[in-house]
Structure formats: structure tokens, C-alpha cells
């Protein structure tokens, strides 16, 4: 629990620091090139002559040359000033600047230049806006004076516009997406509905899929065996085919257990329909956190300070702020994993409640809500530890991937092979730890033990049932993969029929690709919840069979479908 509070409090501390040091205010209200924040009274900065001004009445940021954009650095290469009003019309001469300053009280040249002397001052060429000054409007909330005529940004958009206009293929693809936007939205909704339906009906089709697959493997093995007997009487391949057939015969009960688990998982979704909303809740939580993270990162970017030789001020991260940014990046990974782990713990708690309730009619009114409350009250520390372990493995892998991309084409074959091997090993370790964590959360939901104790207990259970685990993971993953393919295929076929009136393939191929990618993403999110349910049910089943034998006083908790497969 203390680990959770430490992480969250430090993240909140970073946000509080940026607000206290003015980074948030500078980003929202804007600041001039002398370090003054617009719309408020400022403290002087040592060595900057025009800092520390009172800009209470100057609430808008005005750039002397707003069209001078540095595409590489992604910023406007121009002096910025705080003004009381953006220019409401084009100002073609310095006399227009003088007139605007006299009438509106908004001086558009540097602060030390008096408005009534603009036309005669020699400094006007460096410290006044580039003529003609375009008509501008203030951006909502952020108070930046932005030219009304967007052609001002022609240099910035020229490359993109030229590429699109000159590339007829790309132009037609983009036009096809724009013309099919209603169909794209409809097909995405169709993929969403199909995913929710599949989670309920997969228990009926899983048995058919598994036994068809098993039958095909057996028939193929027998065919190969007969071929080898006729053509190659003495063959290692013949021995391998025999071993495969014996293995299929030996694993039939474990395959039946997998089918039974899928059947019971479908019942879980019928009794706990709110489980289907978990992907939405998780996506919403991740989206809100990512928005918060980006905002704090932008706040940090304006919390530093750097004076350049011309006497102007730019804000850059220096010293300890750089380390704070690194921690903020670690927080992105850690808290994202924490949110995903909270989803796993919530699902595990609800499924455990379902499994160990003998009379399903006496289930709590809201098992999902009860699971969330138990998570918040008792198990946040468990989830924080599990997500922190994943973070410790993920960060080195990401660093090695970055190094590999930076050295692409420069490193020798041996270094490239070593880097890829390390990345692959860390990826495998991360997957194994994710699986162990998920089972540890389920063990925590069952026994209310600490993370380490639950992880040890779950590991021992998995080792004792290694063959069952292997069968469930291979056969179960294959069924879920077929489910994803089924959803994508149905969506794609419907998309082809809906877009068929557009004869040129370039007009419907990109919309179809977008829809298929979305369908696969949605199917993956929903069936991942189904996979968690199956894994939690298996752990409950393994614990049930370990401590109960079906006799009086030690009755099983399992569903009848599981009881049949257990015999």
C-alpha cells in the first residue's frame, strides 16, 4: 500500500511542482521572450532587463513574426510579447502600428519602444512585428494571437499539401476514407457488438472448434503414418507421428477440461454481464491518465529557465528537472501497468466470488463493484508491487530497443544478434511475469494474502498442474485467436459488401483496412477479458480439487461441467 501511495504522491508532487514554479501558468496563459507570464504580475529574473513586468492587463501572447516556423524544432522562431489586444485588422505600415497602439492601447513592439514614436525609431526593424501584420484572433483558453488567414503557415504545410496533391493514389485513398466515414463508424460498431456476442456464445462453439482441430490432427497423423509405412518403412518421422498420436490420446481429458472451462466462462458472463464493460472502464482510465501525463510533461517543459545571450529567455529542462522528467517517464509505464493490473484484480475478484458461491442465485447484487471496493481497501499494494515488477523488466527492454534502433546499420552482426537476444529474453520474461502476476492476483482474491505469498502459492499450483496449464494455454489461445479472426472476417466481409458500390479499389481498400484493424483491436480487448476469466477459473478449479474431494463436508464448489471433466 505504501508503494502505491509513494508512486502516486510523487506523480502528484511533480504536477504540484510545475504549478508552484509557474510551468502550468506559462503553458496555459503564455509568456513573452523576457520570461514574463501574460495576464499576471511577474517577479524579475536576474540579468534580464525587461523581466518582472506587471502584465495584468496584457493577457494575450503576440509573435512578431508568426509565420516564421521552425519545422524541425516545432516552434515559432520569433520574439513573443504580451499584449492587451490582438490586431483585429491587417496593419501594413508602422503608422498603422502607431494608430492601433494609440486607439486600443495595445503596443505590438518591444516594451521599451513608445507607441507614438514607432514610425521614427531605428529599432523598429528588429523590435517591431514584420510587416504587414496579419489580422489575428486569440485561441480559446490558451490566449495566443493566431493569424486568421491560415495561408500564413504555407511553408509549414507546403510539403504535406504538395505530397498529397501530387500523389494521385494517396489523394484517392484519403478521399475514399472521407467519403466512407459513416460506413466506417457503422462497421466499427458492428465489430464491437460481435465481440460482446462472441464472449457469450463462445462456450457453445469452443467444443466444436477443438474437436474439429483434434480430428484434423489425428487424421493428418494417420495419413502421414500410412504414407511412411508404405514409402519409408524405417523412418524417424514414423516414430514422431506415433508419439504425436499417443500424446493426443493422453491429452484428451485435458482438452475436455479446456472446453469445460470455456463453457463455464460463458456462464460467468451471463451471471456477471458488467464484466463486458471492463475494457471500456480500463480504456477510459488509461485515456484520462495519458492526458494528465502529457499535460504534466508540457508543464515540466516550461518549468525550467535559460537566458540566451541576446537577453531573451527560453524555458528548458536543466539540472534536477531532467531527472524529474525521467521519473515522469517511468511513471507513465508503471501507472499504465498499474491500471491494467487493477483490471485483472477486479475481474479475478468477481470470478472468485462467482466460483466459490455454491448457490448462484445468492450471488451479491454487484460482484464487480464489491471486487473494486475490496481492491481499493485491501489490495492496492499487491497490484502496485506486481505492476512495479513488470515495469522493472519493461524499461530495460525499451532501452535496448531504442539502442538497437539508433545503431541500426552501424553495429556488427555479433552486437546485433546479442541485442536481439537480450530483447527477446526480456520480452519472454515479461510475458511469464505477466502470467504469474495474473494468477497471483487471483490467489490474493481467494486467500487475501500478500503479493509474494500469493505469487508463491500460484506458482506451486501451476507447477503441480503443468500439463493442464500447457493444454489450456495452447488450445485456449488457439480458440481465442480463431475468435478474433472470426470477428475480423465478419467485419471485413460486411465492409466489402457495404463498400462494393465504389468500384475503384483505391476508394475502399483504406477504409476496409482501418475497420479490420479496429475490429482486431476490439476483439483482442474483449477476448483478453475472457482469457483472464478462463485462467482465474482454472486456478479456482485447481485449488478446489486440491483441498476438496467431493465427500461430505468437503464438497466441490465447481460447476457440473467441470465436475464431469474432472472424473
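Any Cβ shown, glycine's included, is placed from N, Cα and C.
According to TrEMBL, the feature transmembrane segment maps to 183-201, 208-225, 231-250, 257-277, 283-304, 325-356, 478-502, 508-541.
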Checklist entry - Counting only residues 6+ away from its ends, which parts of the chain sit with a Cβ under 8 Å from the transmembrane segment (325-356)? => result 4, 7-8, 10-11, 14, 268, 271-272, 275, 278, 281-282, 285-286, 289-290, 293, 296-297, 300, 317, 363-364, 367-368, 370-372, 374-375, 379, 382-384, 386-388, 390-391, 394-395, 398, 437-438, 441-442, 444-446, 529, 532-533, 536-537, 540-541, 544, 557-558
Item to check | Segment-segment contact (the transmembrane segment (183-201); the transmembrane segment (283-304)) at 3 or more Cβ pairs under 8 Å | outcome: no
Item to check | Positions on the same chain near the transmembrane segment (257-277), where near means CB under 8 A and six or more residues out | outcome: 196, 199-204, 206-207, 210, 347, 350-351, 354, 360, 363, 366-368, 468, 471-472, 475-476, 479, 526, 529-530, 533-534, 537-538, 541, 559, 561-562, 564-566
